[in-house]
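Input: a single structure, listed below in structure tokens.
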Amino acid sequence: MDGGKKAERPHGDVAEEDPDRQRALLDEDDGNDKAPRRSNRVASLDVFRGLTVALMILVDGAGGEWPVIGHAPWNGCNLADFVMPFFLFIVGMAIPLSLKRIPDRGRAVRRVVIRTLKLLFWGILLQGGYSHAPDKLTYGVDMKHVRWGGILQRIALAYLVVAVLEIVTKDAKIQDRSSSGFSIFRMYFSQWIVACCILVIYLSLVYGIYVPDWEFRVQNTDSTNYGKVLTVVCGTRGNLSPPCNAVGYIDRKILGINHMYQRPAWRRHRACTDDSPHEGPFRSDAPAWCVAPFEPEGILSSFSAVLSTIIGVHYGHVLVHMKSHTDRLKQWVTMGITLLVIGIILHFSHAIPLNKQLYTFSYICVTAGAAGVVFSILYFLVDILNLHYVFAPLRWIGMNAMLVYVMAAEGIFEGFLNGWYYEGTNNTLVYWVRKHVFVKVWHSTRVGILLYVLFAQILFWALVSGILHRAGIYWKL
């Protein structure tokens with residue numbers, strides 16, 4: 001873990017851009033090993049990052065009780081389905097800022113590769129099966145069942161591809177050139193060519209690959225079919241249904257079915273349980289694929305997810321090249337609304353459904369458009385109207401997002417607390433606070449869990465992040 005104190009940073013009014021010290025994903029800098037120069041920050045980007053981490057904590061903690069918060073079982077887009085694209089958008093937006101002051105391309109590539117490896121390490125450690133926090137007081141994973149996909153792994157891939165693309169295609173002569181209108185698109189035309197190639201390849205594979213019948217052995221010990229080998233009938237091409245899509249087929253062939261996520265959101269599909277969209281017992285006539293693994297952060301879906309980061313890079317280019325608040329907002333809002341409209345039309349015309357598991361083009365448009373609109377609103381409120389104190393808790397989380405992600409979203413801190421129990425593993429401080437301070441007071445499990453997540457997790461870690469910010473302590477990657 002990289003951590004420590006940084007040099008003093010300004011706490012006054014925030015300027016429009018910070019090419020020196022922006023954080024990628026959860027945390028980024030410009031790669032300068034020397035003492036950082038005094039520089040302003042784009043406070044709204046920190047707030048947006050903090051908001052996204054807070055959303056992740058919310059959906060992980062309360063999504064089971066509130067289906068509208070959790071992931072959609074298959075087609076559709078709930079609150080949780082915006083979290084990953086928002087992270088990727090933020091990564092992309094920070095890339096032009098963090099790389100602007102690194103003229104040496106070789107040094108920039110080295111920094112990008114090192115950060116990518118760090119993200120992959122933490123991703124596999126936290127989501128590969130080694131960590132069982134917060135509910136189980138054990139750790140370790142059978143290497144035959146390591147999960148290779150995950151949130152940080154997808155972010156690492158998108159960051160590597162787009163950051164290298166930015167390094168290779170940027171022209172030092174245009175870095176400080178002010179621009180307007182579509183000139184920014186023209187300046188970075190090669191990046192949009194790459195984006196189009198990614199989209200064409202993705203669509204060709206999704207709709208062109210033949211998916212044959214496939215088999216799997218049930219690994220879930222709670223299932224009545226545990227240990228049995230079940231067959232899923234497909235024999236189709238261009239199918240976007242849960243069992244027979246090309247995204248899952250590629251993951252089964254390359255990753256291996258034992259290295260995929262064992263409890264996918266489709267278990268809550270109406271074909272699998274009568275309690276849909278809640279998770280519940282499987283129907284007696286549930287198809288075999290209901291108990292099969294599926295990797296939501298798989299190979300082909302991560303390939304198309306790069307597009308979310310490229311769109312974020314464009315927003316970063318606008319921030320770097322345009323100096324007027326009005327011009328920036330016009331570009332951002334126009335593109336955001338356009339993407340939203342395209343995605344909604346594709347979905348409701350039944351051309352391409354919104355689907356987070358497959359990371360479809362309509363899903364890219366809707367989520368990237370939403371990210372652009374949300375960021376524009378935050379930019380207006382925070383960096384133009386200077387409402388810093390209102391959004392301070394989210395900004396603190398955003399400035400120490402990696403720490404909050406690991407400790408709260410991945411449950412490491414709660415797992416530590418649960419390790420100190422009295423008489424039984426269900427008698428811990430975490431369970432006591434959740435039950436007696438929230439659930440019993442409100443006489444509702446749903447409301448109690450929601451309030452517990454909002455106050456005992458999100459607000460708590462916002463305050464911890466604020467204290468660390470005052471001390472100048474951040475977790476860097």
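Using N, Cα and C of the backbone, Cβ positions are placed for all residues, glycine too.
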Task: Correct range for transmembrane segment (source TrEMBL, candidates 112-131, 412-431) - done: 112-131
Task: For the transmembrane segment (299-320): best-contacting stretch of 82-100, 189-210, 358-382, 449-468, by Cβ pairs under 8 Å - done: 82-100
- [ ] Taking the transmembrane segment (358-382) as the first stretch and the transmembrane segment (151-168) as the second, find out whether 3 or more Cβ pairs fall under 8 Å, excluding pairs closer than 6 in sequence.
- [x] no
- [ ] Counting only CB pairs under 8 A, let me know which of 42-62, 82-100, 151-168, 449-468 has the most with the transmembrane segment (112-131).
- [x] 151-168
Task: Stretch among 42-62, 82-100, 189-210, 332-352, 449-468 sharing the most Cβ pairs under 8 Å with the transmembrane segment (151-168) - done: 82-100
Task: For the domain 'Heparan-alpha-glucosaminide N-acetyltransferase catalytic' (41-165), the number of residues DSSP places in helix, strand and coil - done: 82 helix, 3 strand, 40 coil
